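Peer 1: I have a structure here, written as structure tokens, and I will follow up with some questions on it.
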Number of protein chains: 4
Amino acid sequence: MSGNTFGTLFAVTNFGESHGPAIGCVIDGCPPGMSLSEADIQPDLDRRRPGTSKFVTQRNEPDAVQILSGVYEGKTTGTPICLLIHNTDQRSKDYGNIVQTFRPGHADYAYFQKYGIRDPRGGGRSSARLTAPMVAAGAVAKKWLFEKYGTTFRGCMTQVGELPVAFESWEHVPNNPFFAPVADVSALEDYMAALRKDGDSCGARLRVSASNVPVGLGEPLFDKMDADIAYAMMGINAVKGVEIGAGFACVAQRGSTHGDSLTPQGFASNNAGGTLGGITSGQDLEVSVAIKPTSSILTPRQSIDTSGAPMEVITKGRHDPCVGIRATPILEAMLALVVMEHALRQRAQCGDVAVSLAPIKASV
Amino acid sequence: MSGNTFGTLFAVTNFGESHGPAIGCVIDGCPPGMSLSEADIQPDLDRRRPGTSKFVTQRNEPDAVQILSGVYEGKTTGTPICLLIHNTDQRSKDYGNIVQTFRPGHADYAYFQKYGIRDPRGGGRSSARLTAPMVAAGAVAKKWLFEKYGTTFRGCMTQVGELPVAFESWEHVPNNPFFAPVADVSALEDYMAALRKDGDSCGARLRVSASNVPVGLGEPLFDKMDADIAYAMMGINAVKGVEIGAGFACVAQRGSTHGDSLTPQGFASNNAGGTLGGITSGQDLEVSVAIKPTSSILTPRQSIDTSGAPMEVITKGRHDPCVGIRATPILEAMLALVVMEHALRQRAQCGDVAVSLAPIKASV
Amino acid sequence: MSGNTFGTLFAVTNFGESHGPAIGCVIDGCPPGMSLSEADIQPDLDRRRPGTSKFVTQRNEPDAVQILSGVYEGKTTGTPICLLIHNTDQRSKDYGNIVQTFRPGHADYAYFQKYGIRDPRGGGRSSARLTAPMVAAGAVAKKWLFEKYGTTFRGCMTQVGELPVAFESWEHVPNNPFFAPVADVSALEDYMAALRKDGDSCGARLRVSASNVPVGLGEPLFDKMDADIAYAMMGINAVKGVEIGAGFACVAQRGSTHGDSLTPQGFASNNAGGTLGGITSGQDLEVSVAIKPTSSILTPRQSIDTSGAPMEVITKGRHDPCVGIRATPILEAMLALVVMEHALRQRAQCGDVAVSLAPIKASV
Amino acid sequence: MSGNTFGTLFAVTNFGESHGPAIGCVIDGCPPGMSLSEADIQPDLDRRRPGTSKFVTQRNEPDAVQILSGVYEGKTTGTPICLLIHNTDQRSKDYGNIVQTFRPGHADYAYFQKYGIRDPRGGGRSSARLTAPMVAAGAVAKKWLFEKYGTTFRGCMTQVGELPVAFESWEHVPNNPFFAPVADVSALEDYMAALRKDGDSCGARLRVSASNVPVGLGEPLFDKMDADIAYAMMGINAVKGVEIGAGFACVAQRGSTHGDSLTPQGFASNNAGGTLGGITSGQDLEVSVAIKPTSSILTPRQSIDTSGAPMEVITKGRHDPCVGIRATPILEAMLALVVMEHALRQRAQCGDVAVSLAPIKASV
């Protein structure tokens, strides 16, 4: 109810602040009997980790995850899995100058209004650092979904600031710090270098998709797969837009074009992005998100302090100039959590589904 | 859990099918002591009602709402409010030809896969008709929010198919069947006439906003105001994209431009769309959605039947060629339900808020 | 959240007031494909119906249930099932004299304090009449559980006022208006006749049990089967005590006696009442409840009015002198709803269970 | 959904196992601005702590609580509060002999059936040790309720095995290891000594109550205050019966006796136990629970192993011969969590209540 638990059957409760002693989550509802260790979770955390290139925040966090409960002799027991990540590189003094002021575009104004109190150290609870436990939880969901259904998740950068990133191949994604599906990222490097020189930040557009998704997941009215995906993505820091399948392009499409034809060999296209009426069709889930530019920048901005007096704000400290760069593993994790939740719901309501038709994929 | 209840503190449980005896909803959590009668709800239902212009389905439904419970001597009692709307113009035979086939782009394939059974009459549960109870519930939320905080909701069409609709003034919206904010809708009429002649359908883009929104609503991590708005919008039939504030345009913005400056007189802009860190800032909530073209069209489409054999599908019967035309009241209702839910949550957690700063609005 | 929905995976949302136009419920989460008609539900409603003997309220309600949604061609579709029961014998004037006063032991004082408004007609929302929709929903759960697992539910009266009712046989229960497991109910009739003559009311003790309960249902910490049963029973009007298995008798038992021995042929006893550590063992669930005496009695009572002034209250009108008499079908229904909920949860979390040991029953 | 979270507005998610590295909980929904430190929580944990007398388990656990999040400069921020308690005195070898067998009356049979796997070390998740985080969370709720409404909680032992403990005074409770409201506990000591000599265990009956409870808390239908109390109490290990107010004694009461008269000076009695129609009346909440005898005893018992073969079980290791002895702080904590949850709900729905009548207390 207070917005720190994601999901109900596979429920992930997130806790912690950017500069507190630790962050983490409790997963409640993981099916028993799956083998699980820290080694299954750490790789995704490492993909999201700060400090790995000069284009992201230089905060140095190993983000080493520890399983505190829910696993016995290497297997999940069906009881809550607590995942703990210690904070090791807090420098709260970096933020001393913003305690009494509000950064334009930052959460600190709204937090102050909501609670009358806020933890200003590193953004406190509003820090993107709190996505780390979700990446950890997502890794658990990914493992179960892969072992059970062969479901896989992947994502990539499709635009940085004004610079579109044309899709070349998934295989390039792990080979550059931008999660860009291109062989040559020099244009991206130049773009980011210029941005940094300007003391400014930029937005990004990312794509995330899932393959081998069981058919029949999602609920018809409110908990549509589309709705829960949108909810999950908009729950990620800085996301301001979400599309499923053709997304906003469908506005200008005609029904005769948009509706994906069915053939005995499969769907002929995937404008729907893997859902029909809010329920998975067995096609790939295709999602696109818009991430806004970071609000913590060196460029001076007009603002007010807590007394309402005007002032100028400059944010020093360690910040990502484009939070979209490290966001791909987060998107994958959130999508995995949505699919996981609905897979369990489908088991509850329909008993793992007596599927009368095989799921069919777009031939393309 | 099965996706038919929206909200938790102001929980709306929706029931019914397009061609069953009745549709409706149960509102649980409406605060006691508010005056309420059918006359408070009917106007919004009338705005959404089918059969009111030649550009929408000709199904003739009065959509007369009846309050079955929760009101005593004209006032809400704090107990569940059941709202009932009888279906009066079902023509199930219209749909006889689609029982064994799947319309491209339609929910019927996914329903069949999920449940192994579906009610094909008028789309059954997947019909956009099920938005009527939400419009009714939204009217109750709107009334409470207006009386308590002065909050208001409005929306309009901003694009139909390839045709953008430039914003002129809110005052035009009630004066044409498109909810278009323009004085002259002849171009829209021509566009729709041509579409109808082609036996095809088109998408639409709509805007919805809320003014005088209390500051501090929304939760920091998952139940961000943005996330719950996205969830609400994507729960509306045919919605495939959602933006808050600048939305996808923020990708190409720099931080120095995107972040809305604060001044003693108010915010200087509203790129954020009324939320900061997922929490309302007191600025107008600004939302934009993409609605896909209707899948039920006269144009023949390639498909399969329930045995997997190829066939051609044509959908006769009464359908909206552009479901976006009647969607504005639905968007308003869903946005009102989200704000209502969070207003009650804020009362729970923070006790109606000791606001230390006045909410400030964009000077523009 | 506002206390009118029971369950989450098999969620029953109840609405209506004693003297409003109708009462009913919406069941969300019923698995698809089960045959269902009003005829499956009406018999349990008839067992609970008022006016069937001189020992219960003379209000004459047929309690005819109507299925408004969720069933297509005689089968459940997986979408919400709305069950409607019209009120036909309201006599609101019966209650005119209690609008400004509070009956000792009655909900009306607390409602007034909570909401600042109450519907006084027949107790409004606090009326035991609101158990009728639960009996209807319970009939749906019973049907599914019986068809799926062979689970059955039954209950009986075990004490009326000071008069214990010794258990003779289940077969007597349907043959008398008290749901008493005895052949000769003349002592009960005499007791109730004397009570009526005194213008007073009495309490009752009832037993309810379930057989062929799947093993492994219930959650280890909070949603123990015991906890959810207690919650369900205490949600029934007038219930003030709940026991599982040996219940309060276990206080004086030693561990060597209380713990039910396991043998290859089954458990040797059932002090646990069918649960171990909050999880079903496969033994019969055994529950006992205490029902308080009705507060609406002819005997004059000392009270106050809404201004706080002292006064004497006498409650005329049609009331049950012992609400326990008609409570057996309600207890069965609530127990069925709890088992149903947990059966679906178990499917979600453990996939209908790879049971490595056969459930074993008490040899007695 | 999986039974490890208690409450929704004040939601406590519990994690850990008896012999894992740590146990703890995450509180989501604590109102912001309350001063809080470990020193506010530790005293209640110390009251529940094992090893403090010869009548309880000799496991030596300091149960030192650490606040990991949600507090900034000594005040709650409205974000999740993670409370961590390290396990320090695990001796897993103590339990080696019970891995393949099932103790009569113990959870291990049901866990094995449910999950197909279980953590046998110290009972794993079924250990009463998992009540420690609830005592910690309850201390936070108690503090808020006391500061806001002056609400207080207290409990005591009222029976041990066959030995009733007559109530003398609350002041004796902290002065003996039994939480007994009597000056002289020698009879209790003798009883426990004899029990220990027999290698057996016994049950207990406890009372818990709350004073200065706000009026109007609880929901009318299912989330009655009674129902949520029953749910909370039955969620405590070994509890098999719950009573509110007169409880089972109300069966033999007449309505003219049971219903508590109202006078301008207050209620004349408290048979209702502080609730009317499921809603608090402002009188003291009065609850009584039955706790079963521990299943881990030295007395040999007939049982089976995981292959179904008969065998004899003896449980060595460190166990409480009467888990009721240390249960009082747990009951208080659970009652506090229920009241806290409903206080927040009442704020949500009714805005902290415009109470038109002062709550009135029983004159006795």
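Placement of Cβ uses the backbone N, Cα and C atoms for every residue, glycine included.
Pasting the feature list from TrEMBL:
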BINDING   D:ARG48, D:LYS54  NADP(+) binding site
BINDING   D:ARG125, D:SER126, D:SER127, D:ASN237, D:ALA238, D:GLY277, D:LYS292, D:PRO293, D:THR294, D:SER295, D:SER296, D:ARG318  FMN binding site
Peer 1: Which of the three DSSP-derived classes (helix, strand, coil) applies to D:ARG48 (NADP(+) binding site)?
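Peer 2: The three-state answer is helix.
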Peer 1: If you count other Cβ atoms within 10 Å of each one's Cβ, which of the binding-site residues D:LYS54, D:LYS292 has the most?
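Peer 2: Neighbour-count leader: D:LYS292.
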Peer 1: When a 10 Å sphere is centred on the Cβ of D:ARG48 (NADP(+) binding site), how many other Cβ atoms does it contain?
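Peer 2: Around the Cβ of D:ARG48 (NADP(+) binding site), 24 other Cβ atoms lie within 10 Å.
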Peer 1: Which entry in the list of binding-site residues, D:SER127, D:THR294, D:SER296, has its Cβ near the fewest other Cβ atoms, using 10 Å as the limit?
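Peer 2: It is D:SER127 that, of the binding-site residues D:SER127, D:THR294, D:SER296, has the fewest other Cβ atoms within 10 Å.
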Peer 1: Measuring Cα to Cα, how far is D:ALA238 (FMN binding site) from D:ARG48 (NADP(+) binding site) in Å?
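Peer 2: A Cα-Cα distance of 16 Å.
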Peer 1: Could you state the whole-number distance in Å separating the C-alpha atoms of D:SER127 (FMN binding site) and D:ARG48 (NADP(+) binding site)?
Peer 2: 14
Peer 1: Just checking a number: largest C-alpha distance across D:ARG125, D:SER126, D:SER127, D:ASN237, D:ALA238, D:GLY277, D:LYS292, D:PRO293, D:THR294, D:SER295, D:SER296, D:ARG318 for the FMN site, rounded to a whole Å.
Peer 2: 44
Peer 1: Can you filter D:LYS54, D:ARG125, D:ALA238, D:LYS292, D:THR294, D:SER296 (the binding-site residues) down to those whose Cβ is less than 8 Å from some Cβ in chain A?
Peer 2: D:ARG125
Peer 1: Cβ atoms within 10 Å, counted per site: which of D:ARG125, D:ALA238 has the most, among these binding-site residues?
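Peer 2: The residue with the most neighbouring Cβ atoms within 10 Å is D:ARG125.
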Peer 1: Among the binding-site residues D:ARG48, D:LYS54, D:SER127, which sit with their Cβ under 8 Å from a Cβ of chain C?
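Peer 2: Near chain C: none of D:ARG48, D:LYS54, D:SER127.
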Peer 1: Check the DSSP secondary structure of D:ARG125 (FMN binding site), expressed as helix, strand or coil.
Peer 2: helix
Peer 1: Between D:SER296 (FMN binding site) and D:ARG48 (NADP(+) binding site), what C-alpha distance do you get in Å?
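Peer 2: Roughly 19 Å, rounded to the nearest whole number.
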Peer 1: State the Cα to Cα distance, in Å, between D:LYS292 (FMN binding site) and D:ARG48 (NADP(+) binding site), rounded to an integer.
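Peer 2: Here the two Cα atoms lie 18 Å apart.
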